[in-house]
Amino acid sequence: MCACLSEKGSLAQVKHVVLVLSGKGGVGKSTITTELALALVHAGKKVGILDVDLCGPSIPRMLSVGKPEVHQCDAGWVPVYADPQQKLAIMSIGFLLEDSDEAVIWRGPKKTALIGQFVSDVAWGELDILLVDTPPGTSDEHLAVLENLRKHRVDGAVLVTTPQAVSTGDVRREITFCKKTAVKILGIVENMSGFVCPHCSECSNVFSKGGGEELAKLTGSVFLGSVPLDPLLTATLEEGRDFLQAFPESSTYTAISQIVNTVLSSLDA
């Protein structure tokens, strides 16, 4: 069914809503969001990505959708599709900026208003899972997302960290935020966990290893898995290609697939 013909209420036909959170910037949250979405599509799911990282919208580039014109229908804004089969829908502030190099210099109320529009006025149609790529930290934007989504449902959050103590310390505060706002923690992903050599495929612990798993144990959270720093993954994201389709034999593919399977099991429980 075309999103424009679906019933009123942008999330009325969305089965599950999952937030992707991080305590700080630069941990690869948008990378994890992109790969989760692609893995879910490969698993036969219809997926949406709501990119509310207002100051750094990376999703359009990572999925090679460029800067298409956003259309409206009776039900609201029509999302942009990353594939001909229309299995992966996207809405991002990156589509609304006239210049991709333009800085978003907005005060809180304007950001909050746009997030409200993104949550309530996008005609998603039927989706199995909507992933919400949030800004880093625990700011007004997060509260605006939650306040608007609570009218519908938030199934939980996936937290992204890197192995270092500086990152896990910030994610610990994100866990506190989730508990205070009654958001279920689906689990923690340790990103950039080792470096995969592009020549021999051996994984070296450049940034240390195990910080995310240790944090999960300390906080009683589920550890979803580790994703290494893989030059092949980096290259495909830069080029807007599907890493999972291009390198199904890689250890990074296995790691991402296992994370997705665990998240799906949690949502179906």
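Each Cβ is built from the backbone N, Cα and C atoms, and glycine gets one as well.
A TrEMBL annotation is a machine prediction, not a hand-curated record.
TrEMBL annotations:
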BINDING   Gly23, Lys24, Gly25, Gly26, Val27, Gly28, Lys29, Ser30  ATP binding site
BINDING   Cys197, Cys200  [4Fe-4S] cluster binding site
* Asked: Around the ATP site (Gly23, Lys24, Gly25, Gly26, Val27, Gly28, Lys29, Ser30), what further same-chain residues have their C-beta within 8 angstroms of the site's C-beta centre?
  -> Ser22, Pro136, Val160, Thr162, Ser167
* Asked: Using Cα coordinates, what distance in whole Å links Gly26 (ATP binding site) and Cys197 ([4Fe-4S] cluster binding site)?
  -> 21
* Structure fact -> Here the binding-site residues are Lys24, Lys29; the one whose Cβ sees the most other Cβ atoms within 10 Å is Lys29
* Rounded inter-Cα distance in Å - Gly23 (ATP binding site), Cys197 ([4Fe-4S] cluster binding site) -> 28
* Asked: Given the binding-site residues Val27, Cys197, Cys200, and counting only Cβ atoms in the protein chains shown, which has the most within 10 Å of its Cβ?
  -> Val27
* Asked: C-alpha of Lys24 (ATP binding site) to C-alpha of Cys197 ([4Fe-4S] cluster binding site): distance in Å?
  -> 26
* Given Val27 (ATP binding site) and Cys197 ([4Fe-4S] cluster binding site), what distance in Å do their CA atoms have, once rounded to a whole number? -> 20
* Structure fact -> Note: among binding-site residues Gly23, Gly25, Gly26, Gly28, least Cβ-dense neighbourhood at 10 Å is Gly26
* **Rounded Cα-Cα span from Cys197 ([4Fe-4S] cluster binding site) to Gly25 (ATP binding site), Å** => 25
* Asked: Are there residues of the same chain, six or more positions away from Ser30 (ATP binding site), whose CB falls under 8 angstroms from its CB, and which are they?
  -> Asp51, Asp53, Gly56, Ser58, Ile59, Met62, Asp133
* Structure fact -> Cα of Gly28 (ATP binding site) to Cα of Cys197 ([4Fe-4S] cluster binding site), in Å and rounded, measures 19
* To do: Quick one: pull the CA-CA distance for Cys200 ([4Fe-4S] cluster binding site) versus Lys29 (ATP binding site), whole Å only.
  => 27
